[in-house]
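Colleague: Sharing a structure here in structure tokens format.
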Amino acid sequence: MSRAYFWVATILAVYCWLIPVAWLLAPSVPLTSWGLEIEPVAAWFGLRASVGTAGFGIALFLVRREPPSRGRLAVSVAFIAAWLTWAAYGVYSVLTDAAGVGLLATVGVEIVAAAVLAWAEFGTRRRAERNAPSVDGLAHPGDR
């Protein structure tokens, strides 16, 4: 188990669980900070969409103790792809005046979350591969 991946996945899981709670308790906060009108449909849609984020949190929490594997990689790549897509859509929304510049703070969080998880996933994977014994017991180029 990688300590870096464990802590990154745990922190991101908790963050993912807090997002729907925030939408449930105070939907006007993100909407106003993003320069959007507070409408019941927007608040409802935000809460519904945030439940998917909670799902990412559950997946990250479940794989946080796993060694590098195809399953952990799949969860990490799905999280990274989704959050970078949300970030790209956020930038697009600001550029087309569909949302205010306040959305860029959320875009920053999405980019940082994806980057930190990528670092934890791919950095720990490389370290694990480097430290793994070779199958034939011989030293190979690149071994330390």
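Glycine is no exception: its Cβ is also placed from the backbone N, Cα and C atoms.
TrEMBL does not curate its annotations; it predicts them automatically.
Owing to the predicted nature of the structure, the values given are computational and were not obtained by experimental measurement.
Pulled these features from TrEMBL for this protein:
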type	residues	note
TRANSMEM	5-26	transmembrane segment
TRANSMEM	41-61	transmembrane segment
TRANSMEM	73-92	transmembrane segment
TRANSMEM	98-120	transmembrane segment
Colleague: Residue list, the transmembrane segment (98-120) vs rest of chain: Cβ under 8 Å, 6 or more residues beyond ends.
Modeller: 2, 4-5, 8-9, 12, 15, 30, 33-36, 60, 76, 79-80, 83-84, 86-87, 90-92
Colleague: Give the nonlocal contacts of the transmembrane segment (41-61) in its own chain as ranges (CB under 8 Å, at least six residues past its ends).
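Modeller: Tertiary neighbours of the transmembrane segment (41-61) are 9-10, 12-17, 19-20, 22-24, 27-28, 30-31, 75, 78-79, 82, 117.
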